[in-house]
Amino acid sequence: MTTTTKQDHVLIFDTTLRDGEQSPGATMTHEEKLEIAAMLDEMGVDIIEAGFPIASEGDFNAVSEIARNAKNSVICGLSRANFKDIDRNWEAIRHAKRPRIHTFIGTSPLHRAIPNLTMDEMADRIHETVTHARNLCDNVQWSPMDATRTEHDYLCRVVEIAIKAGATTINIPDTVGYTAPRESADLIRMLIDRVPGADEVVFATHCHNDLGMATANSLAAVEAGARQIECTINGLGERAGNTALEEVVMALRVRNDIMPYTTGIDTTKIMGLSRRVATVSGFPVQFNKAIVGKNAFLHESGIHQDGVLKNVETFEIMKPADIGLNEDNIVLGKHSGRAALRSKLGALGIELGQNQLNDVFVRFKDLADRKKEVYDDDLIALVRVTEDATPDRLELKSLKVICGTGGQSADMVMTVDGVEKSASTTGDGPVDASFNAVKEIFPHTAKLELYQVSAVTKGTDAQATVSVRLNEDGRIVTGSNADTDTVVASVKAYIHALNRLLVRRDKVGTNADAREISYKDVS
Ligand code: KIV
Ligand code: ZN
């Protein structure tokens with residue numbers, strides 16, 4: 001089956017679970033991937049790229065289960081240009097009602113040099129692999145990686161080969177975020193004009209955001225004839241990320257007068273997905289991010305507030321409700337019960353199983369005792385703390401910190417695999433002293449790459465959310481925690497990251513992760 005599209009309809013291809021999950025530190029658990037895929041399916045995403053099945057057992061299992069569960073979306077898996085990758089991909093996605101094989105190879109001079117293939121050898125490889133994929137599945141997407149830095153004549157030649165071999169979608173990636181809107185449009189136009197058979201396939205645009213132009217480049221490609229946009233929720237992705245789904249979808253909706261294209265996305269699901277992806281990936285959304293940032297609908301200056309009160313359209317080009325932003329400002333407090341909590345979480349797009357709900361409820365009550373009002377972001381931070389299903393090997397039991405002008409020290413008790421251990425340490429500040437205690441109790445070589453604190457709500461009793469990123473021999477993990485005590489949140493975030501590192505040490509072998517396999521051919 002070919003996924004074609006009406007002239008004015010743009011297909012939305014979401015790659016949060018593949019390209020998005022490739023961002024350093026953005027590991028999602030199996031259950032989290034299933035949950036995000038179900039939300040994308042319900043939102044009306046046309047194609048979900050669910051993972052890279054050859055990368056690891058975990059990726060394979062997640063893609064297979066997502067394929068079995070999907071109700072409407074096409075389920076796509078990624079594979080390099082070799083039979084082994086493509087076969088493994090097919091094994092995972094074949095259970096879907098609507099499977100798609102995606103296969104790619106780097107076609108620019110820099111990328112051709114890696115497998116050391118001549119132009120002719122690469123052309124043959126593309127013919128063989130796309131033919132092989134098409135013999136397995138009637139929906140095949142082919143991508144010339146780094147297309148925007150590939151010689152035009154060669155790009156036309158290989159796109160024609162892929163179409164003749166049976167590709168039904170041709171994706172044109174701007175892998176390094178190098179192009180600009182006019183060039184992005186010219187490239188698509190050039191391919192549609194020059195390549196025989198171009199009118200038989202859907203052209204897709206896949207833009208990275210290294211120069212902050214991903215959304216503009218994607219929309220320019222659509223104006224030139226592309227009819228599939230590849231994107232991720234919150235723009236999650238390697239380096240500066242990918243085109244953000246919410247940006248292209250809302251831009252097409254709000255400026256339909258000058259970009260008359262439709263998508264099948266239910267935009268009221270955007271906020272729920274954005275928050276959920278931020279929670280499970282550990283990548284918080286920047287406050288001023290278009291559409292989904294915390295400040296996107298806030299009016300701080302007097303002139304703006306005055307205008308909005310008189311007529312909301314003076315400073316707002318879309319309504320918060322259009323993206324599912326809940327305007328009811330119900331604030332939970334210590335008298336709120338389980339039902340209010342469940343309903344509030346539901347409005348935030350968070351459905352929890354009974355056990356996790358109980359866990360969140362206990363933490364919520366504890367927080368509400370210490371803090372007058374519990375806001376949406378406090379709750380999201382609490383849910384994040386209860387996320388990981390694997391039992392923790394390291395646990396903080398108690399922490400006493402002395403700080404002030406006389407120096408800083410920490411007395412800590414932790415359990416390591418159930419065994420209680422303690423340490424008394426000093427350091428350059430209370431956080432440093434506490435981190436030194438963690439290192440003394442559980443020696444490790446992971447380097448602290450990022451330590452970030454933000455207050456999630458207003459006031460001096462606000463919860464601090466702390467994110468920590470650790471790197472152990474290229475294995476990158478993030479940990480986060482929220483508490484009204486910044487030092488406690490810091491230590492728990494550090495321990496959270498270490499627990500995740502231990503899980504990854506256990507699971508990850510050679511070639512076991514999409515970030516750890518090279519794009520080089522393995523067949
Ligand atoms: O950015 C890129 O080139 C990719 C390909 C694998 C499609 O993600
Ligand atoms: Zn990409």
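Glycine is treated like the rest: Cβ placed from N, Cα and C.
If you look up TrEMBL, you'll see Asp19, His206, His208, Asn242 marked as Mn(2+) binding site. Following the DSSP three-state reduction, the secondary structure of Asn242 (Mn(2+) binding site) is strand.
If you look up TrEMBL, you'll see 10-271 marked as domain 'Pyruvate carboxyltransferase'.
The predicted model assigns the region 'Regulatory domain' (395-523) a mean pLDDT of 83. Taken from TrEMBL, the feature region 'Regulatory domain' covers 395-523.
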List of residues, in chain order, with Cβ under 8 A from that of His208 (Mn(2+) binding site) and at least 6 apart: Pro173, Asp174, Thr175, Val176, Gly177, Ala214, Gly237, Glu238, Arg239, Ala240, Gly241, Asn242
Shell list (Mn(2+); ref centroid = CB of Asp19, His206, His208, Asn242; cutoff 8 A): Thr15, Pro173, Asp174, Thr175, Cys207, Asn209, Ala214, Glu230, Cys231, Thr232, Gly237, Glu238, Gly241, Thr243
Tally of residues which DSSP labels helix, strand or coil - the region 'Regulatory domain' (395-523): 34 helix, 51 strand, 44 coil
Three-state secondary structure, which DSSP defines for Asp19 (Mn(2+) binding site): coil
